[in-house]
Amino acid sequence: MPAHMLQEISSSYTTTTTITAPPSGNEREKVKTVPLHLEEDIRPEMKEDIHDPTYQDEEGPPPKLEYVWRNIILMVLLHLGGLYGIILVPSCKLYTCLFGIFYYMTSALGITAGAHRLWSHRTYKARLPLRIFLIIANTMAFQNDVYEWARDHRAHHKFSETHADPHNSRRGFFFSHVGWLLVRKHPAVKEKGGKLDMSDLKAEKLVMFQRRYYKPGLLLMCFILPTLVPWYCWGETFVNSLFVSTFLRYTLVLNATWLVNSAAHLYGYRPYDKNIQSRENILVSLGAVGEGFHNYHHTFPFDYSASEYRWHINFTTFFIDCMAALGLAYDRKKVSKATVLARIKRTGDGSHKSS
């Protein structure tokens, strides 16, 4: 990328909204009583993704698991198709491999920059062309429509590590990775998720349009298009197009996202808040284009970078900053360095380089 373009993108940092916590005078006593997850957040329009420390699981045995056999069978078949796709990769044309990488990155951004940082957390704002791109990319990813994805994710933050958390990591690696999609939702997930304020997404026509036409959209964008393009445009075999460009690519995107829910809640350091389960996991960040700095993200869910370090192993932040340089993204929320360091000192596990 040309140096002047990098300079333009870097200078666009000055347009971010810096979030600080400046208690002084009589306010100091008030701040002591404010839950840590609320102290630094100044977003008046979004509170549904902030952890609720008052919520506790009800005592008693958990409900019996109800398996969703349709999901189990489809998930097994998909992963078998993905494994077969790995075997076929050496026989693929170079264009097919490059197209698969492009489709992976685009659909991943539909989750990370779209469903996650834009629509779940409102960490930045996007103009219509960017929102259209992200809604298409999100449909390519096929991980439920934006509305449902954001509702589950807000519940995950607000009721993290409880039965109201859709992919509660306290129930083990397999459950938080994929098992939660193979069983009926816990009653607490339905109850608490149904009470979340989703009015911001209900008011967004593009999100509701995607929700209304999601099934035909996902069939076209996730399965039909990535199969037909290599087959028709450069003469790839239909089998390679189907199993590599479609099944393998889709399987990889799914598992990269799921690792944020599983591995990044079980393995890694907790430099920002040792009292929560989410961890910093560099390997997860590599696959999930920047989503592995999870202890930071759960500590500061309102930071558009989902990380203290902006572009470091964080392609999603680089993408958002490029969009800002083009005038398509704006009002990016960024936690101040002073606030981050203060939080590290208060609740970190001592693993941060500043400790």
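Every residue gets a Cβ built from N, Cα and C, even glycine.
In Swiss-Prot, the Fe cation 2 site is described by His156, His294, His298, and among His163, His177, His265, His312 the residue recorded at this site is His265.
Going through His79, His297 against Swiss-Prot, the one listed in the Fe cation 1 site together with His116, His121, His153, His157 turns out to be His297. The membrane topology recorded in Swiss-Prot places Cys92 on the side opposite to Val260.
Just so you know, the Cβ of His298 (Fe cation 2 binding site) picks up 25 other Cβ atoms within 10 Å once every protein chain is counted. Long-range contacts of the transmembrane segment (214-233) within the same chain, counting only residues at least 6 positions beyond its ends with a Cβ under 8 Å from a Cβ of the stretch, are 93, 95-96, 99-100, 103, 107, 136, 139-142, 145, 240-242, 245-246, 249-250.
Cβ neighbour count for His265 (Fe cation 2 binding site) (all protein chains, 10 Å cutoff from its Cβ): 29. In the shown protein chains, 27 other C-beta atoms lie within 10 A of the C-beta of His294 (Fe cation 2 binding site).
Here His156 (Fe cation 2 binding site) comes close to Asp165, Pro166, His167, Asn261: these same-chain residues lie at least six apart in sequence, with C-beta atoms under 8 angstroms from its C-beta. Here the topological domain 'Cytoplasmic' (115-213) is broken down by DSSP into helix, strand and coil counts: 65 helix, 3 strand, 31 coil. Shown in sequence order, His157, Ser160, Ser169, Val260, Asn261, Ala264, Ile276, Gln277, Ser278, Asn295, His297 are the same-chain residues outside His156, His265, His294, His298 whose Cβ sits within 8 Å of the Cβ centre of the Fe cation 2 site.
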